[in-house]
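J.: The structure follows.
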Amino acid sequence: MSIVRCLRGQLSNVAVVALLGAWFVTLAPTVIGGPAAYIEVSGHSMDGTYATGDLVVTRKQDTYEVGDIVTFEVAGGGRVIHRIIGGDGARGYTMQGDNNPTPDPWQPTDDEVVGASWLYLPQKAWVLHLPQHPWFPGVAAGLATLLVLGWDSRPRRKDQEQVDACDRPTPAPASVTVPAPDGRDLVLVAAGVHPFIPTQRTGDHAELGRPALTALRPTGRRVPAPRTAAPRVVLRPTGRRVPPPPPRKVLVP
């Protein structure tokens, strides 16, 4: 289980890094180096495609083609979202709103194009105005604090266990240390009583709660030696004739 817990922790860290990386390369704003720009639609030049209050997410591309809806910067710092109807990125694109009868006076190049339309959320532009509310900094700071504290307190103990499990060496097999018996123990063994021999278990297996050796403790009472019967002798015939014993001499007074 320790190895599984260790791998689970490593995989969770990799998943968090992967999610952050995926967010940065897809949805990170251009102000922090990402490719995405969040545009609020305002006006009626794109009616039929977008309406006032819609939220459009654009992404930076290497090249753009005729028919792409792009956002580009104009003089004065404003941004316009219209469709490409001609031109090229080197000399400038010809732009026109879907609801406008004539092309735009601007001809942006590739460097002036912010990005092409990638995600469209109808009537969700109000999200872009949340940071302007006076209560937003406090709420954002509170949520960030809860997130940091929750992330830092919950996994800390598990992370320490995972590190210990990963760094823990392979458990060695259990060993048993038995001291050599003395003379008194030999006498007890001869009398048929097992003396108490202290044992010491070493290794990780002893910590896992395996049953230890069981021995009898001496009581201090004298135990008589066990009675042993005389061994039985069985004579087997050998096939040879045995001469009778010589007669005994009897002296008669």
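Cβ coordinates are placed from backbone N, Cα and C, and glycine is handled just like the others.
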J.: Look up region 'Disordered' in TrEMBL and report which of 88-110, 157-179 it refers to.
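T.: Going through 88-110, 157-179 one by one, TrEMBL gives region 'Disordered' for 157-179.
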J.: Please list the DSSP helix, strand and coil residue counts for the domain 'Peptidase S24/S26A/S26B/S26C' (32-100).
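T.: Across the domain 'Peptidase S24/S26A/S26B/S26C' (32-100), the residues distribute as 1 helix, 30 strand, 38 coil.
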